[in-house]
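As annotated by Swiss-Prot, Zn(2+) binding site applies to Cys61, Cys66, Cys85, Cys88, with the evidence given as similarity to another entry. Annotation comment: Swiss-Prot describes 632-718 as repeat 'Gelsolin-like'.
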Amino acid sequence: MATFQEFIQQNEDRDGVRFSWNVWPSSRLEATRMVVPVASLFTPLKERPDLPPIQYEPVLCSRATCRAVLNPLCQVDYRAKLWACNFCYQRNQFPPTYAGISEVNQPAELLPQFSTIEYVVQRGPQMPLNFLYVVDTCMEDDDLQALKESLQMSLSLLPPTALVGLITFGRMVQVHELGCEGISKSYVFRGTKDLNAKQLQEMLGLTKPAAAQAGRGPQQPQVPPSNRFLQPVQKIDMNLTDLLGELQRDPWPVTQGKRPLRSLGVALSIAVGLLECTFPNTGARIMAFIGGPATQGPGMVVGDELKTPIRSWHDIEKDNAKFMKKATKHYEALANRAAANGHIIDIYACALDQTGLLEMKCCTNYTGGYMVMADSFNTSLFKQTFQRVFTKDVQGCFKMALAGTLEIKTSREIKISGAIGPCVSLNAKGPCVSENEMGTGGTSQWKICGLDPNTTLGFYFEVVNQHNAPIPQGGRGAIQYVTQYQHSSGQRRIRVTTIARNWADAQSQIQSIAASFDQEAAAILMARLAVYKAETEEGPDVLRWLDRQLIRLCQKFGDYHKEDPNSFRFSETFSLYPQFMFHLRRSPFLQVFNNSPDESTYYRHQFMRQDLTQSLIMVQPILYAYSFNGPPEPVLLDSSSILPDRILLMDTFFQILIYHGETVSQWRKAGYQDMPEYENFRHLLQAPVDDAQELLHTRFPMPRYIDTEHGGSQARFLLSKVNPSQTHNNMYAWGQESGAPILTDDVSLQVFMDHLKKLAVSSAA
């Protein structure tokens with residue numbers, strides 16, 4: 001019999017799903033007492049090398065309000081060629097193509113190992129990939145040159161049939177016509193005036209796709225509308241390479257003490273409108289490359305006077321950010337338009353100061369786009385990250401998927417409360433939609449314009465079965481995730497994942513529910529809720545909510561005697577959860593101190609889309625120690641791990657940091673590694689560097705690489721993350737110093753746990 005841990009791991013590997021609880025309380029009342037809701041982290045396109053796509057279409061339940069897909073949980077009558085839907089119990093006839101099925105000749109979708117299965121939709125046209133580059137020209141020459149080279153490189157990575165367009169902007173916005181031989185032709189727009197799709201259509205002389213197709217005979221293949229602004233790579237490769245090479249810095253003079261006039265809001269608006277007119281409801285990718293904040297027109301986030309800095313958290317709290325609300329509204333409207341048409345907006349912001357990611361966050365968060373933040377386009381961080389957008393799978397297809405929709409079906413005892421992740425609601429009301437919303441709720445379908453194999457969403461459920469209506473012994477609740485998307489090869493695909501979990505009576509079987517708790521998934525699902533709240537609520541309120549939930553969980557599942565904190569015990573399945581909450585409270589997702597609004601936005605954006613493993617690293621970074629005492633080993637994220645004769649490697653997801661202890665640092669400065677008799681020291685110095693390189697080469701987006709030492713200014717990144725078990729207040733209390741004291745007033749994990757136990761066992765709490 002597999003342990004729960006093995007069961008959880010197998011389910012994640014097979015179906016890309018992790019639940020907070022793997023046995024579900026059987027009534028609404030008991031479920032609310034569990035504190036952590038029944039919820040799942042789901043990775044729709046989790047890579048499965050053993051999952052070949054099936055070349056036929058799924059069989060659907062015939063009930064109009066259900067339409068669930070045939071799956072291994074359905075009961076089948078092979079003789080009568082009927083199947084019963086496991087969600088609504090409707091009996092359905094198999095289609096004629098299934099005439100040959102029997103107990104020994106089952107279709108793949110009925111086999112238990114295919115609880116996740118992928119279908120290729122045979123009907124409909126295959127659409128090419130569309131890329132629209134939106135390029136800022138208000139930047140230093142070396143930055144612009146590096147960006148131009150990256151864009152030219154990207155053309156060689158695109159399939160020959162992919163369509164590419166180019167919009168450049170500074171004080172004006174230029175839409176480049178790419179079909180012209182031998183001449184550069186572009187339409188110039190004022191950067192201060194917004195245009196709607198209809199105005200843009202008339203100005204650029206675009207025809208609506210429907211009108212262009214109307215005169216076509218029924219036998220002719222569907223061709224994309226002729227379009228001078230988006231052309232196949234194979235046709236314009238040379239022209240576009242030359243055009244990019246000739247791009248100059250924005251010619252408008254910038255006087256001393258002023259920022260360049262940058263019309264980012266209008267440029268993005270034109271990009272969204274252009275795709276809206278030419279490729280509605282088709283996957284497309286707007287890639288915006290930004291070297292500074294928008295300083296004029298709709299969407300401006302700061303004025304052009306350099307003496308007036310861009311808004312800080314302090315300004316926002318004091319309601320002193322005069323452009324913020326208007327700019328956010330502008331970008332939110334663009335994000336909704338793009339999402340409605342299945343178009344992705346990526347933002348690559350490379351500048352030393354803020355660029356306005358806070359105001360633009362909807363553009364990426366609503367459309368499943370990438371947000372990348374670096375100091376300059378001339379850094380390996382940007383260049384490598386941009387190249388990884390075009391990563392291919394073993395078949396040579398891009399790993400990106402476009403224009404996705406995700407629908408959830410549930411058995412009648414459970415309803416869907418909402419989703420948290422890079423999606424927008426499709427407002428599909430139905431019998432399985434809960435009235436209590438968590439995240440993006442009130443629907444059972446969401447649009448996810450951009451997906452990759454790591455894109456992960458959190459789904460929150462509500463048990464609706466009444467307390468006095470017991471579920472039969474051995475009953476199971478089921479959930480089906482149906483993801484439809486445009487594969488990068490142009491095919492439409494449908495991936496279906498169907499899972500079931502046992503019900504248990506929380507009064508008589510509380511032990512089996514407690515044993516099924518997945519503390520890692522629960523911590524990240526609660527963290528997503530907290531970060532979602534932090535976008536609209538005050539920081540201290542969110543921390544109080546998180547603390548209250550943790551205390552209630554300890555009271556419900558801890559073992560203790562009333563009023564005796566020393567008696568408190570947590571079972572193994574819960575023991576790490578308080579530690580995750582401790583680190584989450586200190587994380588940049590909930591603490592904005594020392595981070596700009598743009599940095600906080602960037603951190604939260606990444607957290608809301610990554611899978612469980614990466615999310616855990618973000619909440620509680622991993623620390624490895626290298627020393628002469630043995631092979632590299634994981635050590636506690638604690639100040640006691642910082643020893644003079646150790647090298648530490650810390651992975652926070654956003655940074656990879658190598659820290660040399662005091663003694664090691666002195667040896668390195670003395671040059672021992674260059675002496676032949678100290679070759680083992682040279683190997684010790686090299687080991688963490690090799691391990692760091694491996695992480696740097698595989699992660700998206702590429703992390704920042706920091707090499708520091710005891711007393712170095714960048715050691716602050718490590719010191720701010722470790723649990724301060726030794727501080728300047730208690731460093732002499734133990735009689736001898738072990739580890740490095742941290743100069744902080746933050747409470748340590750031990751103090752946090754003592755306080756938590758005291759509150760959990762108190763009758764008043």
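Start at 1 and count along the chain as shown; that gives each residue its number.
Just so it is clear, glycine is given a Cβ too, placed from its N, Cα and C backbone atoms.
Predicted, not measured: the structure shown is a model, and the values here were computed from it.
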Task: Indicate the candidate from Cys61, Cys66, Cys85 with the smallest number of other Cβ atoms within 10 Å of its Cβ, considering only these binding-site residues.
output: Cys66
Message: List every residue in the same chain as Cys88 (Zn(2+) binding site), at least 6 positions away in sequence, whose Cβ is under 8 Å from its Cβ.
response: Cys61, Arg63, Thr65, Cys66, Ala68, Arg412
Query: Quick one: DSSP breakdown of the repeat 'Gelsolin-like' (632-718) into helix, strand and coil?
result: 43 helix, 22 strand, 22 coil
Query: If the Zn(2+) site is taken as the center of the Cβ atoms of Cys61, Cys66, Cys85, Cys88, which further residues of that chain fall within 8 Å of it by their Cβ?
result: Ser62, Arg63, Arg67, Ala68, Phe87, Tyr89, Gln90, Asn92, Lys409
